[in-house]
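Structure record follows, encoded as structure tokens.
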Amino acid sequence: MLKKEMIQQLNDQLNLEFYSANIYLQMSAWCGDKGFEGASAFLKTHSQEEMEHMQRLFNYLDDTGSMPILGAIAAPPVDFASLADVFEQTYEHEQLITRKINELAHAAVTQQDYSTFNFLQWYVAEQHEEEKLFKSILDKLALVNTAQGGLFFIDQDLKKMTSAPTQQ
């Protein structure tokens, strides 16, 4: 049986993953509206992955006899300055998620909840990959000349990344 504090922290993370899905889906809509079809597809797929992350937490809580609690989810931003702004925000958001996962893992060890600590190891590894992915996209955006159509090639690259198999 999980301690009350751990249940609350896991539910908070569950809801943060739900928000992640919403923000990426909203970003996908913005990209589609601006003609970035590849970025739109990439972020839509990423939104679905975040829902899977949420479902994994939901199932873990349920499997431990704890009540998963879906809270109110804040509305994500709807307007962005540029494609680079979208991916800067995704990178910052993933850094936030990493901090929260690390805090959860630390709390699990501190509470000697080794089962939860073991469960969270998948998230620790996943966050390493997420940050690496979004940092690589930012690096590519920094390299292109946006005045000469460079964003088209980035968008095409993102489209290819959508159809590539993901590690999970």
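Cβ atoms are placed via backbone N, Cα and C, with glycine included.
Please treat TrEMBL annotations as automatic predictions, because they have not gone through curation.
According to TrEMBL, the features are:
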BINDING   GLU17, GLU50, HIS53, GLU94, GLN127  Fe cation binding site
GLU94 (Fe cation binding site), Cβ-centred 10 Å count of other Cβ atoms over all protein chains shown, is 21
A correct count of other C-beta atoms within 10 Å of the C-beta of GLU17 (Fe cation binding site) gives 24
Same-chain, non-site residues whose Cβ lies within 8 A of the GLU17, GLU50, HIS53, GLU94, GLN127 Cβ center for Fe cation are LEU16, SER20, GLU49, ILE97, TYR123, GLU126, GLU130
When each of the binding-site residues GLU50, HIS53, GLN127 is scored by other CB atoms within 10 A, the minimum falls on GLN127
